[in-house]
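Right, one structure below, let's go through it.
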Ligand SMILES: NC(=O)c1ccc[n+]([C@@H]2O[C@H](COP(=O)([O-])OP(=O)(O)OC[C@H]3O[C@@H](n4cnc5c(N)ncnc54)[C@H](O)[C@@H]3O)[C@@H](O)[C@H]2O)c1
Ligand SMILES: CC(C)(O)[C@@H](O)C(=O)O
Ligand SMILES: [Mg+2]
Ligand SMILES: [Mg+2]
């Protein structure tokens with residue numbers, strides 16, 4: 001039997017371990033902006049560190065921060081939070097963090113990639129820990145502003161101070177994470193499950209399933225607008241029902257016809273072969289092969305990633321989605 005995970009909530013956690021600490025957030029993108037705003041709103045002392053002036057710099061200024069060059073933010077900080085892209089973290093660490101590392105500094109990650117795959121190997125006189133939100137950056141901010149929070153995973157890799165977990169939980173609390181819950185894990189478990197999840201379901205699996213259903217319906221001569229509402233737009237409503245009320249809640253909200261069709265046909269579409277593909281994807285992550293491939297792709301200027309973005313931007317799904325945007329927006333609840 002698997003052991004029961006330790007989950008920390010609001011009342012078991014405190015901001016004390018972060019009080020008086022100077023926190024440098026490196027990067028002001030999806031997570032960086034959410035973390036900087038949430039931590040500041042929670043009363044912590046935050047500086048934003050960026051490589052150069054540009055879009056992120058302007059956004060940070062607009063949000064009331066006074067961004068600094070990465071090395072200047074690092075020099076003045078006690079706690080360094082890595083919120084630049086995973087592939088950029090190694091160079092930022094080597095060139096802008098390592099030269100200024102002092103004993104008792106903290107290195108904090110939102111995903112374990114660089115530590116788990118040993119792209120960054122910090123000296124053992126600093127703390128290394130992680131607070132990994134289980135949701136996209138803009139949602140981390142939106143939930144916090146509305147009084148909620150996205151659940152987070154916390155993990156400690158190096159505990160020089162003996163207080164690393166307390167500090168991770170203080171950051172988790174400031175981020176809003178403990179309003180839901182902070183689950184204790186390891187860098188290995190977070191890194192592997194996060195990669196497996198985003199590849200096989202959250203990003204890869206869901207996107208391909210929607211595309212496959214949409215494109216098949218269109219190929220069969222159905223109107224693309226009807227296909228879009230059926231296979232892409234309504235998915236949010238079904239997933240929201242699962243989110244709010246579990247699978248049973250969702251099933252109770254759909255017709256018996258949908259339940260019967262779903263139980264019998266779903267297993268034919270997502271079958272043993274699909275499960276085997278999930279296992280293979282998980283093995284590629286566990287063996288480090290995916291990391292190797294991604295590092296190599298990044299080294300070549302990310303051609304596959306760039307082409308994926310270009311193709312999707314030009315796709316029929318996006319064309320129809322843009323055309324229906326007005327209707328979808330009009331129908332959205334207003335509060
Ligand atoms: N995106 C998410 O919702 C999400 C969720 C959980 C964890 N994470 C983790 O959070 C971390 C940050 O991811 P993100 O998606 O927020 O990043 P992002 O791509 O949104 O980061 C963009 C920021 O990094 C800066 N940046 C871009 N390239 C850079 C470079 N080469 N050198 C220095 N700075 C650079 C940009 O100026 C910008 O401020 C990653 O470890 C990621 O795995 C992300
Ligand atoms: C938001 C996700 C997919 O959960 C995150 O893991 C990421 O890498 O962006
Ligand atoms: Mg991820
Ligand atoms: Mg994730």
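Glycine is no exception: its Cβ is also placed from the backbone N, Cα and C atoms.
TrEMBL labels come from automatic prediction, so no person has curated them.
As annotated by TrEMBL, domain 'KARI N-terminal Rossmann' applies to 5-185. The feature NADP(+) binding site is assigned by TrEMBL to 28, 29, 30, 31, 56, 137. The active site feature in TrEMBL is assigned to 111. Residues or ranges marked as domain 'KARI C-terminal knotted' by TrEMBL: 186-331. Annotation comment: TrEMBL describes 194, 230, 234 as Mg(2+) 2 binding site. Per TrEMBL, Mg(2+) 1 binding site is recorded for 194, 198. Here TrEMBL flags 255 as substrate binding site.
Overlay of TrEMBL annotations on the structure.
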residue : record                : Cβ neighbours (10 Å)
28      : NADP(+) binding site  : 28
29      : NADP(+) binding site  : 14
30      : NADP(+) binding site  : 18
31      : NADP(+) binding site  : 25
56      : NADP(+) binding site  : 19
111     : active site           : 22
194     : Mg(2+) 2 binding site : 19
198     : Mg(2+) 1 binding site : 13
230     : Mg(2+) 2 binding site : 14
234     : Mg(2+) 2 binding site : 11
Could you check which of the binding-site residues (28, 56, 198) sits closest to residue 230 (Mg(2+) 2 binding site), going Cα to Cα?
198
Binding-site residues close to ligand 1 - of 30, 31, 56, 137, 234, only those whose C-beta is under 6 Å away:
30, 31, 56, 137
In the structure shown, which of the binding-site residues 137, 255 has the fewest Cβ neighbours within 10 Å?
255
Are any of the binding-site residues 28, 30, 137, 230 near ligand 2, with a Cβ under 6 Å from it, and if so which?
none
About how far apart, in whole Å, are the alpha carbons (Cα) of residue 194 (Mg(2+) 2 binding site) and residue 29 (NADP(+) binding site)?
19
